[in-house]
Amino acid sequence: MIAEPITALADAAPALETAIRAAALLAAALIVYLAARLVAVRLARVLVPRSQGVFAAQLMEEGVFARAALLAPAPVLSMGAELFPGSATLLREAVGVYLSVTVVLILLPTVNALVRLYETYEISRRRPIKGYAQLFKLFISILGAVSVIALLLGQSPWGLLSGIGAMTAVLMLIFRDTILSLVAGVQIGANDLLRKGDWIEMPSMAADGDVIDVALHTVKVQNWDKTITAIPTHKFLDTPFKNWRGMTQAGGRRIKRSLLIDLSSIRFADETLLDKLSAVQSLAPHIARRKAEIDEYNARVGADPRSALNGRRMTNIGLFRLYALDYVTNHPGTRADMTLLVRQLQPAAEGGLPLEIYCFTNDTAWSAYEGIQSDLFDHLLAALPHFGLRAYQRDALVDARTAEG
């Protein structure tokens with residue numbers, strides 16, 4: 001009876017010895033990893049601030065130094081494989097798989113750090129590379145996966161890649177969106193269609209706001225109501241969108257808005273109105289010049305003065321148009337060097353004569369733009385009665401104000 005436990009212990013000794021060796025090897029690998037991690041992290045914390053290098057700091061923030069310590073156990077595990085003669089080859093393959101995965105885990109955050117470094121430069125707003133970086137990370141991940149599969153199958157990675165060539169059609173289907181997004185990213189970058197910080201409008205995607213991220217698969221737009229719209233990158237090649245960057249670069253934002261004039265208030269300017277408007281400094285020279293020109297013309301053609309329809313006459317709408325043009329031109333918030341018009345449009349279907357103000361403000365910020373536009377129309381609306389004109393109001397009583405100042 002005593003011999004049976006002894007025999008059982010002897011039979012279990014090889015398995016126990018193997019377990020002890022495995023535990024010792026794993027413990028050694030863990031100790032080496034912890035020591036390497038401690039040294040790497042402490043050195044990084046000491047040396048990075050001294051170097052004042054942006055890239056080194058970003059590598060540290062991405063955890064690259066800590067992940068690099070994962071390489072340290074590999075030599076220990078590889079040499080420790082000799083402790084298991086029957087499984088040495090299999091263990092070395094496992095170490096190869098471990099190394100492949102570790103290298104991928106180190107390279108991915110390194111690419112992230114490179115992108116963050118690039119984004120510290122002004123050129124990154126004009127030429128974003130985040131999409132290309134994501135594609136490169138995908139390429140690294142695929143190579144890592146191929147390497148792992150090749151090691152597990154005991155084949156050459158190149159032989160495995162050649163076999164994958166036969167699956168091109170399937171891969172094209174799987175990576176269709178990635179390929180489309182890559183092509184779109186190249187076109188966007190080459191033609192400078194889109195930059196981070198641009199204000200864009202894409203009605204079909206309900207996007208109207210600032211571009212906050214340009215990546216491989218999506219472009220993120222923060223709308224003015226603070227919601228986020230994610231647009232597939234390839235949509236920018238086949239879907240119309242408006243980029244307002246040109247407005248910002250030109251330094252002028254367009255005002256294109258009309259005053260609706262009551263048609264029944266339009267009339268010829270009589271002497272009383274002309275005398276009153278001659279007190280308006282911007283109109284006085286024009287009234288004097290036009291009056292002399294019209295009087296000379298009417299005398300030359302023999303126009304009968306008993307009717308205003310004979311010959312030529314000034315009108316209150318014409319004088320108001322000239323006044324509005326002068327006021328808008330000399331307003332401190334407009335660009336006189338850009339297109340500036342005050343013009344009549346075809347009468348609106350709902351009634352009234354549209355008098356359109358077409359000009360550009362010298363401040364493109366939204367709040368400043370709205371302030372300038374409101375200031376212009378506040379003044380012009382208040383000036384209408386001085387010309388004997390009324391703003392058109394559908395189904396409303398006629399404004400009882402007179403044209404007297």
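The chain as shown is numbered from 1 upward.
Cβ coordinates come from backbone N, Cα and C, glycine included.
What TrEMBL says about this one:
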- 177-245: domain 'Mechanosensitive ion channel MscS' (DOMAIN)
- 20-43: transmembrane segment (TRANSMEM)
- 64-84: transmembrane segment (TRANSMEM)
- 96-115: transmembrane segment (TRANSMEM)
- 135-152: transmembrane segment (TRANSMEM)
- 158-175: transmembrane segment (TRANSMEM)
(Q) I'm checking region-level scores; what's the whole-number mean pLDDT for the domain 'Mechanosensitive ion channel MscS' (177-245)? (A) 88
Q | Contacting positions for the transmembrane segment (96-115) when only residues 6+ beyond its ends and CB under 8 Å are counted | A | 55, 58-59, 61-64, 67-68, 70-71, 74, 77, 129-130, 133, 136-137, 140-141, 143-144, 147-148, 151-152
Q) Which residue counts does DSSP give the domain 'Mechanosensitive ion channel MscS' (177-245) for helix, strand and coil? A) 23 helix, 25 strand, 21 coil
